[in-house]
Amino acid sequence: MTEKKYIVALDQGTTSSRAVVMDHDANIVSVSQREFEQIYPKAGWVEHDPMEIWATQSSTLVEVLAKADISSDQIAAIGITNQRETTIVWERETGKPIYNAIVWQCRRTAEICERLKRDGMEDYIRNNTGLVIDPYFSGTKVKWILDHVEGSRERARRGELLFGTVDTWLIWKMTQGRVHVTDYTNASRTMLFNIHTLDWDDKMLDALDIPRAMLPEVRRSSEVYGQTNIGGKGGTRIPIAGIAGDQQAALFGQLCVKEGMAKNTYGTGCFMLMNTGEKAVKSENGLLTTIACGPTGEVNYALEGAVFMAGASIQWLRDEMKLISDAFDSEYFATKVKDTNGVYVVPAFTGLGAPYWDPYARGAIFGLTRGVNSNHIIRATLESIAYQTRDVLEAMQADSGIRLHALRVDGGAVANNFLMQFQSDILGTRVERPEVREVTALGAAYLAGLAVGYWQNLDELQEKAVIEREFRPGIETTERNFRYSGWKKAVKRALAWEDHEE
């Protein structure tokens, strides 16, 4: 009898590193998770220690195999999914980072972005990379590191320094520096990659003065990139066979592989992606055009809207405002009041993402009267997640010309029934919550498993996509539109709050 085989997904997120073991029926066998430190050197700056990312991720891999009581020779393949855009530069020789990882949320490169706009680069960037000029993406972060670490640009030119997003960093460490690769989905988030020619863009590299020698090789999201022998008992070399940025992995894990299928992930931020097939749809409504995975991990395109603050705004209620002691309590308190009593919370703590793209917006609470209590504010904070999702969905429907009939949802906050019902109410659309919530890890596992023949094709996976609960709209159109118009008014007043040089 042959030994049972499994797939491991490594899910390197913004606040924690996780490892998930899955069996052939896409059941979760074991999970290991470790949080790591968030570093805030200045207001609006966010960093991680790349060595801590590696330490937490590698230890979860060892731990998850021990928990499942399986040896490394029972692992058919490893798939990697990661927080996107987060930028690491390290020495080729030693594997040591020259600076902390600059995280996707970090706004320190706003001035570099203003300069790109002044240089008339907006249309070029939108047309060739699919992105908008914003500190969110990796390109300006790489430039910042090269500008601020003495001698680094010259070293990069000599081939002594390497750049990578988190996937690239992990694979470099897992293969002891033998493999320097990324996949199309992660490359498409750097603002350095041409999504039409599927190659690094020389004009962008020149504009940001980034030597091409630093950049990883870009490969498909489902193929064998290299082998690793990390991971507990048994010294087998395990193929690393799938890579996708977290949102594209979730889209694949939800099996949204056909044109017009969409999902929203409610994590630290909120991310809605709609697969547009083999056609790159240019957005006229502040969305991103990005690369997604087709049925076999090949290049498809997607429209994406990013909301920076979703679960993070609930953490704010807990950690800074001390209104709740546990994120799960937010649902209980929100349902203790019948509405928000006219209050809107705009959680623009680090600016606003799609479709506004205003790094100078700041958080605000509007509509406060004497009768407002903490429950109203908790409820309004939860509702803000649903309103921001509607902002994005409206833009998507306008760009693609596709009316969405159902939204698939995943991420930590989907356990909140109040939020899911309000989401359906405010969209006027069915919201489908899957049985397996770990869709990001699932996507990475599927991509890796397909690459090594563990699963033959997506048809094999379709029956595993069980919808656990469907939420349907429960309010009238007039009420829906009235509430949403209040949100629009609140956002308008939060825009451009921080002064900046014109």
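Just so you know, glycine gets a Cβ as well, placed from its N, Cα and C.
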Matching residue for the ATP site, where Swiss-Prot names THR14, THR15, SER16, THR268, GLY311, GLN315 - out of GLY177, GLY401, GLY412: GLY412
Further binder of glycerol named by Swiss-Prot next to ARG84, GLU85, ASP246, GLN247, taken from the candidates TYR40, TYR124, TYR136, TYR225: TYR136
10 Å Cα neighbourhood of ARG84 (sn-glycerol 3-phosphate binding site): matching binding-site residues from THR14, ARG18, THR268: THR14
Maximum Cα-Cα separation in Å among residues THR14, THR15, SER16, THR268, GLY311, GLN315, GLY412, which the record lists as binding ATP: 14
Which listed residue (THR15, GLN247) has most other Cβ within 10 Å, given these are binding-site residues: GLN247
Spatial neighbours of THR268 (ATP binding site) that are distant in sequence (at least 6 apart) but have CB under 8 A: GLY13, THR14, THR15, GLN105, ALA310, GLY311, ALA312
Rounded distance in angstrom between the Cα atoms of TYR136 (sn-glycerol 3-phosphate binding site) and GLY412 (ATP binding site): 22
